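Just below is one structure, and these are the notes that go with it.
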Amino acid sequence: MSGSGAAVEATVIQVSLSNSELVQRVEASFEAMNNVDCSEEKKKSLRARYLYGIIFLITNLTAWFIRDYGHTIFPPLYYKKACGVRGSDCFQTLGVLRVSLGCFIFFLLMFLTTFSTRKLYEACSKWHSGWWALKFFLLVVSMVVPFFLPPGFIQIYGEVARIGAGIFLLLQLVSVIEFIRWWNKYWASDEQSKQSCTIALFTSTVFYVASICEIVSMYYFYAPRPSCSLNIFFITWTAILLIVMMAMSLHSKVNRGLLSSGIMAAYVVFLCWSAIRSEPADEKCNVQKPKNGHGDWTTILGFLIAIGAIVMATFSTGIDSKSFQFRKDEVKAEDDIRYNYGFFHIIFSLGATYFAMLFISWNLENSASEWSMDVGWTSTWVKIINEWFAASIYSK
């Protein structure tokens, strides 16, 4: 009996061991399958970013086409109660605002349906990364509906779009400054090799030399005579900001190094140049000449580059949610989303208000000329204030 009991006990132990091994193998297989699923979902979410960027680009091109050519291509297709007898309320300035509103609605709906997403396997994550046929239908409806709204409502949206564009500029500015700080920390940290420090010093020198050359060229091209007092003020104040940022970076209590201040100086100088370029073409201190409503190849190329810059600025800010997190050292799990979907979509919705302001030059009354973007005194002052704000944020 004792021998048979021992045999039974050994059999039970062997069976339990076999069961535990089987459980472990099943768990391992499930874990492997989950890893594969997470990896596939991760790739889908990363690819989805570029598809949303393409949608945003197409929307920008649609707004431009409606503004410049809509009144000649689509005269019999408009809804008279919303667009007026001649359709003028659905083209040019109000046409841009209607397209912008459609884009804003689409990305706002995407924000409302994805902002709570945290894991790749959640239904909202799959909605963000897939269901493109349904989202295409949603996009078409969002773009069509604003063309049936009365002009008064579109004017109200235009005022809201000004605020949204200002918020977008602020968020974009924070993202740029965080990138500059990261770049400075990466290349100029104490742990980096002597070669990296040399690269950082060389890069900062290049940025400062380029900034100084740009300031000199702005004096030459945009302030050729003493009567150009406003341009002289803009350029001189930018040069002062450059010197102040460099001095603060080298101060012993700050000690940021020249790299971050050099990059920021180049960015500030670029904003000043862009602001002066936005002055009306008939200004005596602006080297741009009126084009009589028609653009040459340089104007068209500059316009297309500007559209690309809008899309890239919106895209880069949208995927940079880490710059706006309070805890930046948080470790992500394997099944966590790679970027914040809600933040991504709300940035694109604000980007819709921003491109509307650029296409109409922040002016809700007068239509911009053909192939133009962000031209006028309002655009100039928006960029100048953005420049000063950027320098003050960096200095703090």
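Each Cβ is built from the backbone N, Cα and C atoms, and glycine gets one as well.
What TrEMBL records for 50-67 (among others) is transmembrane segment.
The transmembrane segment annotation in TrEMBL covers 95-115 (among others).
Annotation comment: TrEMBL describes 136-157 (among others) as transmembrane segment.
Below 8 angstroms of C-beta separation, residues 104, 200, 256-257, 259-260, 263-264, 267, 313-314, 316-317, 320, 322-324, 347, 349-354, 356-357, 362, 382, 386, 389-390, 393-394 of the same chain, each at least six residues beyond the ends of the transmembrane segment (163-184), sit close to that stretch. The transmembrane segment annotation in TrEMBL covers 163-184 (among others).
Annotation source TrEMBL lists transmembrane segment at 196-220 (among others). For the transmembrane segment (196-220), the residues of the chain that approach it from at least six positions outside its boundaries are 184, 187-188, 231-232, 235, 238-239, 242, 246, 257-259, 261-263, 265-266, 268-270, 272-273, 276, judged by C-beta separation under 8 angstroms.
Look at TrEMBL and you will find 232-250 (among others) tagged as transmembrane segment.
Under the heading transmembrane segment, TrEMBL lists 257-276 (among others).
Summarising the annotation, TrEMBL assigns transmembrane segment to 296-319 (among others).
As annotated by TrEMBL, transmembrane segment applies to 339-362 (among others). Distant neighbours of the transmembrane segment (339-362): 45, 49, 52, 56, 59-60, 63-64, 67, 93, 96-97, 99-101, 103-104, 106-108, 110-111, 114-117, 124-125, 128, 158, 160-165, 167-169, 171, 278, 306, 310, 313-314, 317-319, 321, 324, 368, 372-376, 378-379, 382; these residues of the same chain sit at least 6 beyond its ends, with a Cβ under 8 Å from one of its Cβ atoms.
If you look at the transmembrane segment (95-115), the same-chain residues 6 or more away from its ends with a CB under 8 A from one of its CBs are 52, 55-56, 59, 62-63, 66-67, 70, 124-125, 127-128, 135, 138-139, 142-147, 149, 154, 157-158, 161, 164, 341-343, 345-346, 348-349, 351-353, 355-356, 359-360, 364. Taking Cβ pairs closer than 8 Å, the transmembrane segment (50-67) reaches residues 73, 90-93, 95-96, 98-100, 102-103, 106-107, 132, 139, 143, 303, 307-308, 310-311, 314-315, 344-345, 348, 351-352, 355-356, 359-360, 367-368 in its own chain, all 6 or more past its ends.
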